[in-house]
């Protein structure tokens, strides 16, 4: 996985066990390396000693490599002071203080029971929340950095994204079972509502920047982008995507307009749209552009830069990480030559056995065990009838 | 020939993986579900009782008789077992055309899809009778009662609503009581309150599992909890 995020004008690119900090033109590259990985730390105890049942849980199949541990998720606190990094094999949560672009201090190393799927910070930068692939969500303190993660909620399905509302009244999570759940916070034993309507996995949720206190945007494997009033779970608008949605970023353009970029599964790589909000909670969504990138196997991360440009990290057919920029010019996003940028960054080649997030796993496997049963039953009933006639 | 389904054609092993994908049809939102297909006379009324893992439906039938003006839904994950209950209710309705219009059974995974069927605060009673004990430690998270699921149940169960549990496995009974008491939204009812509830005595006798346990002279453990 190659992941992108920003701290003011500095861009962070994470892959394997390294985070690169650099300027937007790819210069002044600084490296942060995670402490050496000790395979002995991969906790077997938490793995399910599975036996007779076929392992149906996607999470379990994704995690095959016990012998290595790479960066799984990264997040920077809203105040820009903290960087949180989670890893796969040893399932650790590293918290770094960002003192300067070239100076970070490791302040804590905590453990996770399972591989993470998403990280979200509270708006006040005092907590962060980590969702995992078995459906649980944990709260971590930024102030008391040695405090272990506290379990706050659980889904019966892989949680794919997590958010905390600006006012910190709710935690919002979405899962592989088509659900978006709005849970009270800190009283997480009280579910406020569900936003229901998607018919496949919900992979990403974000607040609409023009109305972040009320309106939520979601993308799903059902090829829909949906806009919700999250307080009461009411669907406000939906928009058909050309293909199943994966990741999403949003940016406020003016008081009523936002831009949304969504990465897609197969066919098209990326779609960018404009969301216009009228005063009465009605919306229009308009296509701006669609993009396909040559030799791109998978876009693994994307981010809006301060100037409105979009930066993408992808894994190409040679298993190396590419960074690509789309330049924002008066309502258009133009693909630009990123050779110089990638050259400045230096090669980031992933191992050959690099495991792609197996996206097809997110779709439900719909095998029909009902039809066979009903056919057998029909035959049985007919046989019975036949037999009773014979007796007569 | 009897109209009633014969159980020997519907036997199925007692365990099911609740995390796995199955072939279920469920509405993406409660508004989209056609309740009239299950209860032709339901009109604007709503289901209030849910028997989670209703098995062969013995208790569900009793519920229908005890509360003729309330709608009860049995939810069962096993294909053949749920089909037995569906056929049984169909036969009961044919024999007694004016009765059993208030009970129905659905094949679904109640651990995952309750909010797809029920609105917030819709239910007044939920029943967990002889749930799968999932004895193995690694399977404990498949148990029908745990902290995360209790939160999900409290979404569909209204304040003051009741959760009834019965099991013949002492270890599971203790697990249930511990988790219910740990959860801030539930309070266990005392013996006095149980005595005045006509449902409680029926819990002991009316489900097939219950009758089997009685036949084997086993112990049964009942615990009832109020949603705060």
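A Cβ is built for glycine as well, from the same backbone N, Cα and C atoms used for every other residue.
Curation does not apply to TrEMBL; its annotations are automatic.
The annotation active site is assigned in TrEMBL to B:132. The S-adenosyl-L-methionine binding site annotation in TrEMBL covers B:53, B:76, B:77, B:109, B:110, B:207, B:208, B:209.
Comparing local CB density within 10 A for the binding-site residues B:109, B:207, the maximum falls on B:207.
Ranking the binding-site residues B:208, B:209 by other CB atoms within 10 A of the CB puts B:208 at the bottom. Of all the binding-site residues listed (B:77, B:110), B:77 has the fewest other CB atoms within 10 A of its CB. The Cβ of residue B:53 (S-adenosyl-L-methionine binding site) lies under 8 Å from the Cβ of B:75, B:76, B:77, B:110, B:128, B:129, B:130, B:131, B:132, B:144, each of these being in the same chain and 6 or more residues away along the sequence. In this structure, residue B:110 (S-adenosyl-L-methionine binding site) is part of a helix by DSSP.
Residue pairs drawn from B:53, B:76, B:77, B:109, B:110, B:207, B:208, B:209, the listed S-adenosyl-L-methionine binders, are separated by up to 21 Å at the Cα level. Counting Cβ atoms from all protein chains shown, residue B:76 (S-adenosyl-L-methionine binding site) has 28 others lying within 10 Å of its own Cβ. Its own atom aside, the Cβ of the residue listed as 'active site' has 18 Cβ atoms within 10 angstroms in the protein chains shown.
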